[in-house]
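Here is the structure we will look at, set down as structure tokens.
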Ligand SMILES: N[C@@H](CCC(=O)N[C@@H](CS)C(=O)NCC(=O)O)C(=O)O
């Protein structure tokens, strides 16, 4: 794990403050692909939705990257936006393209390390080298490396360029979706990291309590509601799903989020299985990559890098 400082790679961990809290940094590339190439809510213009122009870098382990992978699949974008998959181990060079089952190499410069892509685009880049990355093959630019933005643009930008017309962000529901996204992001999506990477007992207990209080709250909400915002699946569900599907296999053990498991919750477990079984989703979930990545990459938490055999989970709808 490391960071680029003025284009130079440093193998160091810089995510905790003096109190032992995990602090996530903001993503820096924030341009938007739009139907006509006009500017989006942030960043520059010049990224028109066109088939075979954009490339997506993901890790199959990463919940943020998986949001983008799921949206690419659901929207029928697999033949329009190409894909690279990094190795499961995020080690001294960060994400790499070392060969391993499931890895798809980099087409841009046959990079060994993902940070080479960041440096190619911005030679003096300072910051974390994260996935997902949405890359413009025509201009050799990173369009965006923030999953929240990427799934929003994939939801509609390509609708006249070959995507299907499913809409996970209906206009009339945006404010409710934003509200629930905020809560889920702070307490659950990022909450598992804040608990798992805490370096003080007090911080860990605070974060893990907040995480489970929020899961309990969502459990109640799902008692009367099939999905987070009513009967239709929205962006909010996919954002929660990528954390829930990893929860029992990775966060429960590796991040010590072990007050309960998702299978112990009646509604959350039903909900997770329903989303997992939506056509096009299952193939984006790779438990081998998920477990190998988490248990082997964070030596400060799991020094021997032993990957657990279990748990055995049955995500079928009839169980
Ligand atoms: N806010 C970003 C976060 C992405 C992120 O942190 N990805 C992790 C993998 S799960 C990563 O690449 N971390 C590398 C690092 O922090 O150095 C997003 O949602 O796209």
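Every residue, even glycine, has its Cβ placed from backbone N, Cα and C.
Feature list (source: TrEMBL):
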ACT_SITE  62  active site, nucleophile
ACT_SITE  193  active site, proton donor/acceptor
BINDING   95, 146, 147  glutathione binding site
DOMAIN    170-294  domain 'GST C-terminal'
SITE      251  site 'Lowers pKa of active site Cys'
SITE      294  site 'Lowers pKa of active site Cys'
For residue 62 (active site, nucleophile): DSSP state (helix, strand, coil): coil
Protein Cβ atoms within 10 Å of residue 251 (site 'Lowers pKa of active site Cys'), excluding its own: 26
Nearest of the recorded positions (62, 95, 146) to residue 251 (site 'Lowers pKa of active site Cys'), judged by Cα-Cα distance: 62
Contacting recorded positions for ligand 1, chosen from 62, 146, 251 when the Cβ sits under 6 angstroms of any of its atoms: 62, 146
When distances run from the Cα of residue 147 (glutathione binding site) to each of the recorded positions 62, 193, 294, the nearest one: 62
Residue with minimal Cβ packing [other Cβ atoms within 10 Å] among the binding-site residues 95, 147: 147
Candidates 95, 146, 193, 294 (recorded positions) - the one closest to residue 62 (active site, nucleophile) by CA: 294
Pairwise Cα distance for residue 95 (glutathione binding site)/residue 294 (site 'Lowers pKa of active site Cys') [Å, integer]: 13
Under 8 Å by Cβ from residue 146 (glutathione binding site), same chain, sequence gap 6 or more: 26, 27, 29, 30
Cβ neighbours within the same chain of residue 294 (site 'Lowers pKa of active site Cys') - under 8 Å, at least six residues apart: 61, 246, 250, 254, 255
